[in-house]
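Reading through the structure tokens given below for one structure.
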Amino acid sequence: MSPYQEKPSTSSHVSTLPSGASGRGVKGHHRRTSSLWIPPSRPTFYNPGESIRQTAEDGGKALKQLVPPFMRRFLGEKRERGESRTVIPNNEKNPPARFDHPSRKYADNRISTTKYSLLTFLPKNLFEQLHRAANIYFIFIIILNMIIEAFGRYISMLPIAFVLLVTAVKDAFEDYQRYRSDIKINHQTCRVWDSSQGRYRKMEWKNILVGDFVHLSHDEIIPADILLLKSSAKSGTCYVETSNLDGESNLKQRQVARAMGKYHSLTCEMPFSPDEFNYRVVVEAPCTDVYKFDGHLESPDGFPPIARDLSILGKDNVLLRGCAVRNTDFVEGIVLYAGSDTKAMLNNSGPRYKRSQLEKMTNWDIIWCVLILLALCTTGAVLSGVWLASFDNPLQVPFLTYPTHPSPTPSKPTDLSTTPNPAYEAFINFWSYIIVLQVMIPISLYVSIEIIKLGQIYFLSQDVNLYYEKVDKRIQCRALNIPEELGQIEYVMSDKTGTLTENEMIFRRCSVIGKDFGGQSIAGVEGKNTRGRQGRHSKDRALETLLATTVKASDVSSPLYSFFVALSICNTVVVNARPHEDTLDSFGDIIVEEREEEERAEREDKAEMERDRQQGAYHNVQFDVREEMETEMNERSTSSGGDTVHPDMIELSDLSGSDDKKKEEKKGEEKKEEGKKEKKGILAAHSRHSLISLARLQRFKDVTQGPFRRIMDKRASTTTLPDIPPPISFYDSESPDELALVEAAKEYGVRLMRRHFEEVTIHMRPSGQYVKYKILHVLPFDADRKRMSVIVRETFNQSRLVLLTKGADATILPVLSQEWSESEDGIKTINKAQEHLSDYAREGLRTLCICRRYLDEEDYAKWKILHEEAELDPHHKENLLRESFERMERDLELIGVTAIEDRLQDGVADTIDHLRRAGIHVWVLTGDKVETAVNIAYSSKLFSQSMHLLNLSSTGVTVVSDLLDIHLARVNSVEEVTSEGSFGLVINAVSLEYCIHPDNIDRFCQLLRKCESVLCCRATPLQKASLVRLTKQNLKAKVLAIGDGANDVSMIQGADVGVGLSGQEGMQAVMASDFALARFRFLSRLLLVHGHWCYHRLALVILYFFYKNAMFVLCIFWYQIFNGFSSQVPIDPIYLMVYNFLFTSLPSLIFGFLEQDGSSAVLLSHPILYDHGILNKKYRWYSFWLNMVDALWQSAAVYFIAHFTFIDAECDMWTFGILLCTQLLFVNSLHLASIVQLWTIPMVISIVGSIILFFFFALMYNLLVTPEWAVKDTPSLIAERAVIDVRFWLVVLLSSIIALLPRFIYTITRNSIFPSRLITAKMEEKSRNRVKSSTVQRP
């Protein structure tokens, strides 16, 4: 009994038959309600040595996670890199226990994305936090205080303990979320082949092993990297959505391995069983490249060898973990990589980390804080020694402690240790000062900056003005630590296609046989398929007539014929005859009864049609179903509210007489009425039956007369199928360009019908015939060649070998056949094509050249041998394949040119204009022709009519050098005349290579600085990245790169800020970016508004932290003057430790979240205000020192007002300390209030609440503190007595006024006499609003 047949003794599932397998006992989709298949774990007493070894390995892996990656190789970590693995299928009749399976040597499918475990969290998290120098510094302070005991041993731990605890809680929460996600993923189920029972059983993902056979249904997520062996489609293809892996939402086509072709034959399909798979799969070691895969099949010993061409495996044969099966009923495959070895997990590197310029400057200022701290400590220590040395007998000074030394002994009669040693006391005081003045280093700054950045990212992501409703997408913030970089961008480097343009292609024009055709849109593309189209545009009737004549004459050698065939088949477009129906039950099994009924009825109708055709009644038939289908579609649309879909007109000939035609029309109307009463199935099936019914009605009596018979005899060699083409084809493609070309060919009557991995079928509407081509090789598109080719064999006429190629003219024209190019026809075609290419480029259209080449059988056989060797080469495959492509793609014949429109996105011109007015240099880096790119540059306002254009389009180092000198001289001459001259630079990729030559690069960079806008044409991805690197390194500027495609990834990753657009080219750019937008026009708001705000907030917050910490330390230092520099502090150690992170942190956080120095309307209407960030006006190199001077003055005002107020009064040290703390809190809060420009309720509550919290804490602490708290000189009821003294409040009020008075005077004077542009803009905005409001109120 076959393992696919029913086993009554073990199961009761229903066996189902795939199409084409009627009457055979084949595998079914099991409807089992049995429990989950849980493989047994290793028994406790089963091979205890193995259990001990496994436990030791698991423990070793956990410990290695604590070690930095560069050191793990010294601990014996094994890496499977540069090697290959051999996958043995798990289909033995008597398989070993899974816990002893040989595949255990590879990673299982259990995943863990967590950084920590319960065992490793504490040591690993502490180890990571100790990478920060500030944390190490404060731990050193704790150890030092335990030795010297400047104040409470445990009190000194509070600041660092708080910071470490907050960071650890944040890290633990993030890791717990990852843990929950891992649990959810590991417990998902799929069906895995159980060879012992000969059926598929449900199993959790975590238990899957390498070599297992997996069965997946429609919409299931792929649990591991598997080799595709079986598909429900007869063509052996399946479609996957890779958005979870690379972000691309377009469907990708995958094919079963060639060796499995016998199970997907269109004529005689064989049933597939995993037990019959007898090959070993040799694959490369796990790697991160999702677009690369090398492998081959091997026959085990004792089995016949596999053919070489059938053994090759490529990336199109592999389904990657995390992708979803789409538009396919089911697939089956063998697991190649599991768990941590899958490409999805190898690419899971977590969130990226970049350091902003502001953070780098902050680190330098922290170093200055350390130097200031050392200076204060040294000064205090030296002066303490001087003061002690001024006493003749310091031991008699009251309250002065001095270290005592042992008395002299007879052995040491001259010991001077009994003499007081001021130097030693100064040394001790130095370390005491380090402890007391530690607040100079703002430890809370790190945590505060992280929290502020998270808050800024949150509010940024919630901006409704960055939400694109059409696709339901808002901004994505993928990098959490560089929001302030958005406010300091100097250069924006943008891709063109899909970034500035819609990337929704419309076929506009074409040049064939030396003539220009078109003028109006032919096929519009919306989204990723044609289901949402609203009607069609007109087309060139002359070209349609010419093509119909060519097709009916069977002139297959005509360039026009080959041109439209190339448009249809030289692509990767996915063809679906109908939308996929979800036919899964609650257990994930497929319900196929209804589908089988439809397929059975369809097969019967086809058989009857074949009988009619053999009787001669099929040849003279006209299928004109547009009217009936449109009527039916309109009724469906009216009832469902959906869009109207227009089917194709499919016709063969119209030769019937008028009487017969009227009778047939009458019968057709009766058939319509009957059809309306019938139950409607899915659209494709219903349309097919309607066509069949019409075919039966529209027969002609005389089939031997008329011109149609002669045409059929004339083209008898062309393949004609009895199939009636479905009225609608659903196309999916990775590229909108390809989709537009296929749609255009379909509109002209050359329709792509079916794609199999070995053949492709097109339908010629003018003749009503099907034409098949056997696909031999597909040479895929890549960014270097900028071409794509297919090698096909005709299945009619002479069965010729044909190479069809499409690509950019810059890469196509150099590889044209010299013999053909020099012929009269070739010269005429090339000249006309170049003329039309220039015309199309001036109109801003995207152009492609279409070529063909008839191959010699012998030449092709030689090339095929070398190509297969290149595919099998384990070391230099990519280079050898590139050379193989170049050998084939030569001696081409140009047969036509296409022109596709890609219009600008809404708001692009205004956005670029805003960026340029903001002082940002905008560069557009594109692969288009110069003429096309310049046209787009003007329409997008990259170039203006008043701008002087400089052109760099020469070759050779010397020539380019001379041209650079000419352009620089021109720029300098214009600048001497006027300062308002603006320049734009146009450069192509060839000239760029010479510009960055060491002899020219300095002058090239000088020219780039002078140009407001730069347009680089024909740029490759590597050249885009090199320009980004050049700008960062040579121009020392901040760069933002924005793009939407895979060719922009290197540019985005190399920029200071990378922005990806989620467009039609997939989302690889989004996956590599720091921020993701839905439209280019959002960039102006992102930079000019949010970037400005983030920079402004964070710069002021950082300076405020430095100021308030310095002020606190300086107040303590002033106190040292009056206590002999003894390092004694008047402030209770508790306040000293918690002041910064408990009493003054919340207002600064709220300020960092919500502060706005200008409204969004003001910032957008005055883009020049963005230069605050470009010029770094808020955080210059001297900003730190200005704040230090301010802190010096304010600390002096605070201390000395309090000191001289209580100089002759009875005031103990702790009461004086409470007064100082209160003064500091009020002055710090009022200082922050003076820089707040947007007052919100949270801001008011935070400032007032912090003051209330301080008094509440002080009163409760002084009320509850007891000697048992191990606090020196317990301050009992100190705060309660201090606040009832009127002098306390008078000192607070007076010190606040005097401390802040200089700042207020300076601010008022500057804003009144020299108002900034921001203040002027805000005043103008208020005036306009006042005028508007008065106009509205006026009757």
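Including glycine, each Cβ sits where the backbone N, Cα and C put it.
Automatic prediction, not curation, is the source of TrEMBL annotations.
Annotated domain 'P-type ATPase N-terminal' per TrEMBL: 102-156, in sequence order.
TrEMBL lists 130-148 (among others) with the feature transmembrane segment. Proximity of distant same-chain residues to the transmembrane segment (130-148), defined by a Cβ-Cβ separation under 8 Å and at least 6 residues beyond the stretch ends, is recorded for 156-157, 159-160, 163-164, 366, 370, 428, 431-432, 434-435, 438, 441, 443, 446.
For 191-254, the entry in TrEMBL reads domain 'P-type ATPase A'.
Here TrEMBL flags 364-389 (among others) as transmembrane segment.
The annotation transmembrane segment is assigned in TrEMBL to 430-449 (among others).
According to TrEMBL, the feature Mg(2+) binding site maps to D495, T497, D1044, D1048.
As annotated by TrEMBL, ATP binding site applies to D495, K496, T497, E738, F781, K806, R846, T926, G927, D928, R1018, K1024, N1047, D1048.
The compositional bias 'Basic and acidic residues' annotation in TrEMBL covers 598-614 (among others).
Taken from TrEMBL, the feature compositional bias 'Basic and acidic residues' covers 658-681 (among others).
For 1070-1316, the entry in TrEMBL reads domain 'P-type ATPase C-terminal'.
If you look up TrEMBL, you'll see 1098-1122 (among others) marked as transmembrane segment.
If you look up TrEMBL, you'll see 1134-1154 (among others) marked as transmembrane segment.
Taken from TrEMBL, the feature transmembrane segment applies to 1184-1207 (among others). Same-chain neighbours of the transmembrane segment (1184-1207): 365, 368, 372, 1103-1104, 1106-1108, 1110-1112, 1114-1115, 1118-1119, 1122, 1216, 1219-1220, 1223-1224, 1227, 1231, 1287, 1290-1291, 1294-1295, 1298-1300, 1302-1303, counting only residues six or more beyond its ends whose CB sits under 8 Å from a CB of the stretch.
Positions annotated as transmembrane segment by TrEMBL: 1213-1232 (among others).
Annotated transmembrane segment per TrEMBL: 1244-1266 (among others), in sequence order. Among residues of the same chain six or more beyond the transmembrane segment (1244-1266), those with a C-beta under 8 A of the stretch's C-beta atoms are 1134-1135, 1138, 1142-1144, 1146-1147, 1149-1150, 1218, 1221-1222, 1225-1226, 1229, 1232-1233, 1274-1280, 1283.
The transmembrane segment annotation in TrEMBL covers 1286-1306 (among others).
Away from its own ends, the transmembrane segment (1134-1154) comes close to residues 151, 155-156, 158-159, 162-163, 436, 439, 442-444, 447-448, 451-452, 455-456, 459, 1097-1098, 1100-1101, 1104-1105, 1108-1109, 1112, 1217, 1221, 1224-1225, 1228-1229, 1232, 1236, 1238, 1240, 1242-1243, 1246-1247, 1249-1250, 1253-1254, 1257-1258, 1261, 1271 of its chain (Cβ-Cβ under 8 Å, at least six residues beyond either end).
Counting only residues at least six positions away in the same chain, the Cβ atoms of R787, M788, G807 sit under 8 Å from the Cβ of F781 (ATP binding site). Close to T497 (Mg(2+) binding site), meaning Cα to Cα within 10 A, are the following binding-site residues out of G927, R1018, N1047: G927. G927 (ATP binding site) is 11 Å away from D1048 (Mg(2+) binding site) when you measure Cα to Cα. Non-local neighbourhood of G927 (ATP binding site): T497, K786, A808, C1017, R1018, A1019, T1020, N1047, each in the same chain, at least six residues away, with C-beta under 8 Å from its C-beta. A Cα-Cα distance of 14 Å separates D495 (Mg(2+) binding site) from R846 (ATP binding site). For R1018 (ATP binding site), the Cβ neighbour count at a 10 Å cut-off comes to 22, with all displayed protein chains included. The C-beta environment of R846 (ATP binding site), restricted to residues of the same chain at least 6 apart in sequence and closer than 8 Å, consists of T497, M505, D737, A899, I900, E901, D902, D928, T932. Of all the binding-site residues listed (D495, D1044), D495 has the fewest other CB atoms within 10 A of its CB. Across the domain 'P-type ATPase A' (191-254), mean pLDDT in this model comes to 83. Stretch with the largest number of CB pairs closer than 8 A to the transmembrane segment (1213-1232), among 364-389, 1098-1122, 1286-1306: 1286-1306.
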